[in-house]
Structures are given as C-alpha cells and as structure tokens.
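See structure below.
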Amino acid sequence: MSLLCRNKGCGQHFDPNTNLPDSCCHHPGVPIFHDALKGWSCCRKRTVDFSEFLNIKGCTMGPHCAEKLPEAPQPEGPATSSSLQEQKPLNVIPKSAETLRRERPKSELPLKLLPLNISQALEMALEQKELDQEPGAGLDSLIRTGSSCQNPGCDAVYQGPESDATPCTYHPGAPRFHEGMKSWSCCGIQTLDFGAFLAQPGCRVGRHDWGKQLPASCRHDWHQTDSLVVVTVYGQIPLPAFNWVKASQTELHVHIVFDGNRVFQAQMKLWGVINVEQSSVFLMPSRVEISLVKADPGSWAQLEHPDALAKKARAGVVLEMDEEESDDSDDDLSWTEEEEEEEAMGE
C-alpha cells in the first residue's frame, strides 16, 4: 500500500513496510517570506522565485510520515528584531497628501539604474532559448543590415552598430491631411505636393528606431510590507540585456523587454520616498519584481502619488479627445462656402 508523505519538502509516495529512518529528505522548519525572499527557517538558502522555493532540497533526513503535521507553535520568549519585522502587521495609518507634500524632497534628483538580479531559473530558460534558436539567430536577428529607421521623417539605413552614433532627425507627431494641404502635427509647415511633404526634414533629434518594438499590455500589480514596496510585471522570459529600471527617491521609470521583442514601459511618481541604494530588481522566467525599500517604515495608501494620478487622468481625457478629432478629421471643424451662406441667410 502506497502512502503520501506529509513532511514538508518531500511529497513522495512510500511503502510503510520499507520506511527507513533515513528514507525522507525534508524541511522540519516553517516557510519564511520576507522582503521578496522565500526560504525555510531550518536552512539558510533563500530565493526570490516561488518555483525555486518549492524545489529547495530538504535539509534533514528522517522517516516518511503519512499523518498531517500539526501547525508549528508560536515561539515563546522575547522575539528578535528580525522576527518582529517579519510578523509586524501594516497598522500604520497612511500619511495624508499634505504630509507627503511637506516631507517629499524639494529638488528632483537624477534617476539611477537599479541593479538587476537574474534568477537561476531564468538563466536556464535563456540558455535553452539560445539552444533552440536557428544558427545565425540572436541579437543580430532583431536588427538587420539595411533596415530603415522607423521614425517618420528619417531616411537613415542601419549599416552596423556605428549607425546608432548618428543623430535621428524625425517627426514625433502624426501626419495631417486637410483640404489638399499636408503637414505634421508637430510642426506647422504645410505643402500641397506629397513628395515635398515626405521630404520635410524632421523637427526633433533623437535616437534611431531600427525596428518597432511591440508594446506589451502586461499585467502588473504591487504589494508592500512595513519597509518594502514590490512592483511586479508579468511576462514570459525577460531579456536582461535590454532591460533597465531607473529610480530616484520619488520616481520610478521601467523599461522591460520580454521574449518576442515585446516591451513594457511605465513612468511613475511614487506615493512615498524610497531608498534608491538599497532597492533592486529581480528577473524571473515569468515576471519581474522591482523591490523598493521605503525611506521611512509605514504603509502607502497607493503606489503612485495622487497628483501624478490626476495628471494621468487628465492626459487620458485629452488623448481620448484627440483620437475623436482625428477620427472625425479636421473637415468637421471647418466651414464651407455653402454653410457660410446658409448661416448668413439664417441671420
């Protein structure tokens, strides 16, 4: 008769007749989850990946046990500072917007790159991805020689890495066509000839775009402890070579490239203040976790500052109005001669 072992970290089936004192390799301790790290109280190994945590090999040998283990009793006696920090509930009242405004740094500090930590599981996934690629595929497949810059108004052609050193002069706006006139929304030069319209020099200088990256609508959320905020972006196989996360004490800028050249980008003004030097990023096969250490312990009412959320909401309304105007075209906003005559007769 085969029974299921209930020891933590084992989960194997065993025969009671052959159950020896050293048949089971398990964890006698309890799971610990603290500051995005996961592990067992009985051994020192820690990981940020939950699947790696489940696969941590047991640290103690003993017999298999088919009975469900009782819940571990709470330790008696004085608790250590670390255990208090782990068990301390988030019972701090969120600070008001006025308090946050007074305490926020007055000057905008420059953004700093946060260190990237690559999990072992992601390293293995990237190695397997490289093995599965056809010969000649890889980074060179993302940018091919002879590729044209995709920015409107720029006619540069990719010849190699040195092409990135040349400036890109382009139009950041959208083309407009109204009553035979052609122009760009970012500059006011109008022309009748389509060839002259295409030949208009760009009005902004930036970096070349050799291949449009697909914007990824990734699911993302956040959670917090008393001393930490963790922003999680979900996506398959983040590519470390193309990823960066920058932060200041009050801002967070995220640029994550996943497999398939899909890109997640976000800019946030944070609710509270963080310690940039102690913050970091963890890359895993199915997600990216951004761990932000709070400058002061306490609870955040939300991830982003209310002023930033209000500004985004207003920008969303403006964008929606712009899209409606572009759908209706500019003709709806102009008067024809017949309409002017009808208006005059009506008066």
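Quick reminder: no glycine exception, Cβ is built from N, Cα and C everywhere.
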Q: Kindly point out which candidate in His171, His178 is recorded by Swiss-Prot as part of the Zn(2+) 4 site with Cys186, Cys187, Cys203.
A: His171
Q: Give the range, chosen from 42-45, 110-113, 214-217, 234-237, that Swiss-Prot lists as motif 'SH2-binding'.
A: 234-237
Q) Tell me, which binding-site residues from His171, Cys186, Cys187 are within 10 Å of Cys154 (Zn(2+) 3 binding site) if we use the C-alpha atoms? A) His171
Q) Whose Cβ lies within 8 Å of the mean position of the Cβ atoms of His171, Cys186, Cys187, Cys203, the Zn(2+) 4 site, other than those residues? A) Gly153, Pro172, Gly173, Trp184, Ser185, Gln200, Gly202, Arg204
Q: Inside 10 Å of the Cβ of Cys154 (Zn(2+) 3 binding site), count up the other Cβ atoms and send me the figure.
A: 21
**Q.** For Cys149 (Zn(2+) 3 binding site), nearby residues of its own chain (Cβ under 8 Å, 6 or more apart in sequence)
**A.** Asp155, Ala156, Val157, Tyr158, Cys168, Tyr170, His208, Asp209, Trp210
Q: Compute the mean position of the Cβ atoms of Cys149, Cys154, Cys168, His208, which form the recorded Zn(2+) 3 site, and then list in sequence order the other residues of that chain whose Cβ is within 8 Å of it.
A: Gln150, Asn151, Ala156, Thr166, Thr169, Tyr170, Gly206, Arg207, Asp209, Trp210
Q) Residue counts in helix (H, G, I), strand (E, B) and coil for the domain 'CHORD 1' (5-64), per DSSP? A) 8 helix, 18 strand, 34 coil
